[in-house]
Amino acid sequence: MTILNHTLGFPRVGLRRELKKAQESYWAGNSTREELLTVGRELRARHWDQQKQAGIDLLPVGDFAWYDHVLTTSLLLGNVPPRHQNKDGSVDIDTLFRIGRGRAPTGEPAAAAEMTKWFNTNYHYMVPEFVKGQQFKLTWTQLLEEVDEALALGHNVKPVLLGPVTYLWLGKVKGEQFDRLSLLNDILPVYQQVLAELAKRGIEWVQIDEPALVLELPQAWLDAYKPAYDALQGQVKLLLTTYFEGVTPNLDTITALPVQGLHVDLVHGKDDVVELHKRLPSDWLLSAGLINGRNVWRADLTEKYAQIKDIVGKRDLWVASSCSLLHSPIDLSVETRLDAEVKSWFAFALQKCHELALLRDALNSGDTAALAEWSAPIQARRNSTRVHNPAVEKRLAAITAQDSQRANVYEVRAEAQRARFKLPAWPTTTIGSFPQTTEIRTLRLDFKKGNLDANNYRTGIAEHIRQAIVEQERLGLDVLVHGEAERNDMVEYFGEHLDGFVFTQNGWVQSYGSRCVKPPIVIGDVSRPAPITVEWAKYAQSLTDKPVKGMLTGPVTILCWSFPREDVSRETIAKQIALALRDEVADLEAAGIGIIQIDEPALREGLPLRRSDWDAYLQWGVEAFRINAAVAKDDTQIHTHMCYCEFNDIMDSIAALDADVITIETSRSDMELLESFEEFDYPNEIGPGVYDIHSPNVPSVEWIEALLKKAAKRIPAERLWVNPDCGLKTRGWPETRAALANMVQAAQNLRRG
């Protein structure tokens, strides 16, 4: 029984973000569709070859996507919302982009589909839309074309397909309500057709992803798996693939399925591999997800070997990444600025492929010398002074309940804030960032490369901040922001100014579509050596009589959008960050900044996948925010911002944050999210986002007014703010001006009644 290895997927954006650049060039009309498609082909060929050279036996095909893999699946099934369809009924790459962005180089603009997080990761997908009586047919053959490409290149191919039950689980019903699970029998023939096409191509194994099987699913959904897979069996071998959690709670459902193998995440799940082996059918292949696909740390391969060795030779076995390597940067070897000690602690996607090759070879030969050599830096890290800071650990241990309590309740604070700011009804503001123009990015890049001295850099940033203030005053906004010209990324910027973080040059991972982020890496105890945002906030406030918000990224979001340490709990990291940012709140307040926004867009996405684990997470997540904010005086108004969220199941925790104002993403869901706040009788102020910043479409005054009137039916108007869904960093100035002018006009119209 020779053990093979494989990955569940590979990063698709390219080491230098080639995919992002090609997409954005195409969207802007600067390149042709064929040029875009060529970049995709080149990236796929390169990535297959890189994995093969690193020692991977079975290459994933179908993990590439032009926007996200759920949207690719929607097109595969012919599930295109009517508003995005071509007049002739055909489907092309612009159809896909219209669903994702609301517009494309061809076709009529229409509201983009809703976007949300992929399970508990920082990757997003476009939510499939389902209507009653919907028909499905094989429409978009990208998967088959890519399999043909890989076969022509001589690769050992393992196609990757999102499973039918998970696909339905991830979607939403539009219009007349019905049970979307009832569509299962309608989509299965398309899956059968795809599997038949793969069988024709001589494919032996298909990786069929059903990550919903790690959730606490309703019984009806669990019951749907057996008939679904009964319908899919027989054409190729199916590797039922799960990740992000363990499968033991749903193992009875899984073992009844007519599949030939099971992939389990042995990093994030608590499954005991020997017990799994005992319970799985003896003729099934077990794919052991031993290498963390979601982090950047070098694996302790001696530990991984010990974890799996007891079942070697007892069944067919593959070793694999825990999940797709999509969530990891591509290649550590191109990082030239990390010092040697720290660099030795990491492994990116290609290094993880090498780890899988080392592990496979050791399991097949019994020789573990190479594993011990690879794992040596991990032992050194455990004792490094780069990791441990006694002062931070002492301060954390000294936290009391008082440290997470504002001096007075919201009603008392609100009165003090009204007296201080004297804002009109329907106060207008933005979420924080303004367009990151080419000039701003060039300025930052020149400074980073040493082509610009500090004085000229600061002068340039100051001018962009001044322009942002002038623009906002001209538009008539009530509460201003400084625009964040100095920030490349809302998490990276803070990480760069906090001890305990390191950064990469090319550690890009995809967030959604063409958006890539370069997450900081938490390597040690976190502290703040000096004020971070105070100077620019104070400067911006000096330019205007209107209040300017101080802008902080909250502790849970910094944690969730970084690669965390694995040697301490997430709670410990979050509270260390909270203490560091607590000092920043105090310094902003002392500098005369009266409104401070602490963004926590990641609070909900950090939830464990199983509801039974939620309470513990929410308890420390809320406490971290409150530790951060509670130092503020009564007349300092604390805002928070959240996006892409379903709030109804965590409203207690949202209220427990005790922010004076919460701004939320609501426009894509047509204010649906406000139902949660209405039903809960949320006591503080709310700014429901009135337009979708992820789309370049400019909303009309009438559209915004209608949304605000809808909001006022749920939340008393005196507690409503008017703002976009999210920051405006990715938009251009012309559409930003137009959209904000309409937003301000809508607010003024409502004030006049």
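Residue numbering: from 1, along the chain as shown.
In case you wondered, yes, glycine gets a Cβ from its N, Cα and C as well.
In the three-state DSSP scheme, His694 (active site, proton donor) is classed as coil. Annotation comment: Swiss-Prot describes His694 as active site, proton donor.
Taking all protein chains in view, 19 other C-beta atoms sit within 10 angstroms of the C-beta of Cys516 (5-methyltetrahydropteroyltri-L-glutamate binding site). Residues or ranges marked as 5-methyltetrahydropteroyltri-L-glutamate binding site by Swiss-Prot: Arg17, Glu18, Leu19, Lys20, Lys117, Arg515, Cys516, Trp561, Glu605.
Look at Swiss-Prot and you will find Ile431, Gly432, Ser433, Glu484, Asp599 tagged as L-methionine binding site. Ile431 (L-methionine binding site) counts 25 other C-beta atoms within 10 Å of its own C-beta, drawing on all protein chains shown. Secondary structure from DSSP puts Ile431 (L-methionine binding site) in coil.
Within the same chain, residues at least 6 positions away in sequence whose Cβ sits under 8 Å from that of Ser433 (L-methionine binding site) are Val481, Gly483, Glu484, Arg487, Met490, Gly727, Leu728, Lys729. Residues annotated as L-homocysteine binding site in Swiss-Prot: Ile431, Gly432, Ser433, Glu484, Asp599.
Within its own chain, Cys643 (Zn(2+) binding site) has Pro601, Ile664, Glu665, Gly689, Asp725, Cys726 as residues 6 or more apart in sequence whose C-beta sits under 8 angstroms from its own. Annotation source Swiss-Prot lists Zn(2+) binding site at His641, Cys643, Glu665, Cys726.
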All-chain count of other Cβ atoms within 10 Å of Asp599 (L-methionine binding site): 25
Site extent for L-homocysteine (largest Cα pair distance over Ile431, Gly432, Ser433, Glu484, Asp599, Å): 14
Those recorded positions listed as Arg17, Lys117, His641, His694, and which of them has the most Cβ atoms within 10 Å of its own Cβ: His641
Leu19, Cys726 as binding-site residues, winner by CB count within 10 A: Cys726
Minimum Cα separation from Cys516 (5-methyltetrahydropteroyltri-L-glutamate binding site), reported as the residue among recorded positions Ile431, Gly432, Asp599, His641, His694 that achieves it: His694
Cβ-Cβ distance under 8 Å to Gly432 (L-methionine binding site), same chain, at least six residues away: Val481, Glu484, Met490, Lys549, Met551, Gln597, Asp599, His641, Gly727
Spatial neighbour of His694 (active site, proton donor) that is closest, considering only the binding-site residues Arg17, Leu19, Lys117 and their CA atoms: Lys117
Residue pair Glu605 (5-methyltetrahydropteroyltri-L-glutamate binding site), Ile431 (L-methionine binding site) - Cα distance, angstrom, rounded: 19
